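Participant: Have a look at this one before I ask anything.
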Amino acid sequence: GLSNGKISSVSAAESPLTSALMFTAGVTGNLVALVILGLHKKDNRSHVSLFHILVTGLLVTDLAGTLLISPVVLTAYARGRSLKALDLCQYCAFAMAFFGLASMLILFAMAVERCLSLSHPYFYQRHTSKRCGIVAVSAAYAFCVLFCLLPQWGFGENTQYCPGTWCFIRLSSPARAHLAYSVLYAALMLVLIVSILICNLSVFVNLCLMCRRQSARRGSTLPGTRRRDRFPHSEEANHLVLLVIMTVIFVVCSVPLTVRAFIGAIVPDNEHMRDLTALRCLSFNSIIDPWIFIILNTSVVKKGLARILCCKISSRKQEMQIATSNIRTETIKQDVIWDRQS
């Protein structure tokens, strides 16, 4: 079966090409993204934000996950032996569960940071610092280590998936304790997903309000000052877009696993191929994230996002203001004509 832990060899027909490409893309993308972040910090040493600290933590986590998991898979292919036979199954299962959950927790911290910075700016300025980012990442790591070690202490079970190169939490088990652990892991992921979506919605609403207020103020400023304030919230807009796209990617990559865990607990179907597909989806997140960061950090994309989010958001209000102004003008003209006729 596809989750048979007794498999001891990897078929020669199985190709390591996909795993090798995933490894190359993951390492290259994360390294390039970290270099971009490093250059940003060098140019703006006194303006490095808490958000950038958290982004760095996410990229480092994704890079570490790729470096610590993919070589194990490639070793199994190269030696023609399964992870179980190589005594690496428990390690691989722990690493995959750890990095999947750690990335989600850091993404949640990023969403909370953006939400606080726009919804409660006074509290944010008084009580947050770059040190908070280090504390948040460290706390996420500590929690994930303890949570993902529970199967080693009898609560939960790890298993091997075909073709013998993947190991992860067993999503359906006759033992209640093991089943409860897989459901708990899935429930935690689901709670984080919903929380991140709520934070992102709050950020979007507050950014819309800020852009509209700024648009109203620009209407009363001198023409010479308008160009400087053309995109006053472009940085916040860029952060929001990065956060939203990363969230969408993580939701797409993690929801299949969450759904399979709940199915395994409620109505087990023994569709191990679907479990394997969900597991592979989860591994794609750390590969896609850095490339999204790289693309969004090009100057052309940044200007485009600023133009879209900081101008389009307030376009409807401006149209209404123009319409109202035209109505008032026509009313005044009619009054003048009426007075003259009188």
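Glycine too: its Cβ is placed from the backbone N, Cα and C atoms.
Per TrEMBL, the feature transmembrane segment maps to 20-39, 51-73, 93-112, 133-153, 183-209, 240-267. According to TrEMBL, the feature domain 'G-protein coupled receptors family 1 profile' maps to 29-293.
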Participant: Using Cβ distances below 8 Å and needing 3 or more such pairs, separated by at least 6 in sequence, tell me whether the transmembrane segment (93-112) contacts the transmembrane segment (240-267).
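Facilitator: Yes; at least 3 Cβ pairs under 8 Å.
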Participant: Summarise the model confidence on the domain 'G-protein coupled receptors family 1 profile' (29-293) as a single mean pLDDT, whole number.
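Facilitator: Summarising the domain 'G-protein coupled receptors family 1 profile' (29-293) by its mean pLDDT gives 82.
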